[in-house]
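Below: the structure, in structure tokens.
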Amino acid sequence: MASNIGMMDSAYFVGRNEILTWINNRLQLNLSRIEEAASGAVQCQMIDMTYPGAVPMHKVNFDAKSEYDMIQNYKVLQEVLNKLKIDKHIEVNRLVKGRPLDNLEFLQWLKRYCDSVNGGIMNENYDPVERRLKGGKERNSKGSLKSSKSLQANNLHNLASGDAAGINKNTVSKQGKTGVAASSSEVRALSKEITDLKLSVDLLEKERDFYFAKLRDIEILCQSTKVENHPMAVAIKKILYAADAKESALDEAQEFISQSVDNGETDEANEEETD
């Protein structure tokens, strides 16, 4: 099953554009950046589309902005994965930070898994927009009553204080100019931050590609016929092809080398006794 996907699997080399296209086409969204999926809502609906009705969409918040709200989405997703017996631990603390690389890796895994179910064929009867709307209506049904009461209270308050509406126009004008100036400075600061983030992402991608090339060279070397059965080559491949980044892979490789060395020494001793 595709829930166990090693880091050297081709799934982890699917580009950002392909992932975004996959999400937008299936869920009828318009995401332009990987970070926009950091809330966990997209991942919940992808599983819901793969297993219709498996996700309680009324608990999924597509408007989640705070880390608290995002964590609630990932809790829903983890519970569903556990119920479906999908062996995948979600690194929630990393994903809610919105770092592009962490979210890209998780979405790459998700795409690989969803594509492995029913050959990746989309459910034609699944309406992603309607599913989101139903979930949102059910989630907000209780809040809507409170909101309506609050609006009524505000309207009564505004009517009662209608005599105080004569605000000095000069004061309003000055406040408006100050607000525009503040907004302009905020826009410039945000633009600079976006530029810095893009540069950071580019550097991270170059670094990832660099280390992947190194790992690929090691893999090719270990697969060569002259050394592929050598204990060290076998141990390295155990680490490369481990399903998850666990310490047990390293321990297993070290144990394999130790056993190979012990067996080699035993063979040599037997040969000496025979001679």
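Using N, Cα and C of the backbone, Cβ positions are placed for all residues, glycine too.
Copied over from TrEMBL, here are the features:
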- 264-275: compositional bias 'Acidic residues' (COMPBIAS)
- 13-115: domain 'Calponin-homology (CH)' (DOMAIN)
- 179-249: domain 'EB1 C-terminal' (DOMAIN)
- 253-275: region 'Disordered' (REGION)
| For the domain 'EB1 C-terminal' (179-249), what's the model's average pLDDT? | 79
| request: Tally the residues of the domain 'EB1 C-terminal' (179-249) by DSSP class, grouping H, G and I as helix, E and B as strand, and everything else as coil. | output: 58 helix, 0 strand, 13 coil
| message | What does the DSSP secondary structure composition of the domain 'Calponin-homology (CH)' (13-115) look like, as residue counts for helix, strand and coil? | response | 67 helix, 0 strand, 36 coil
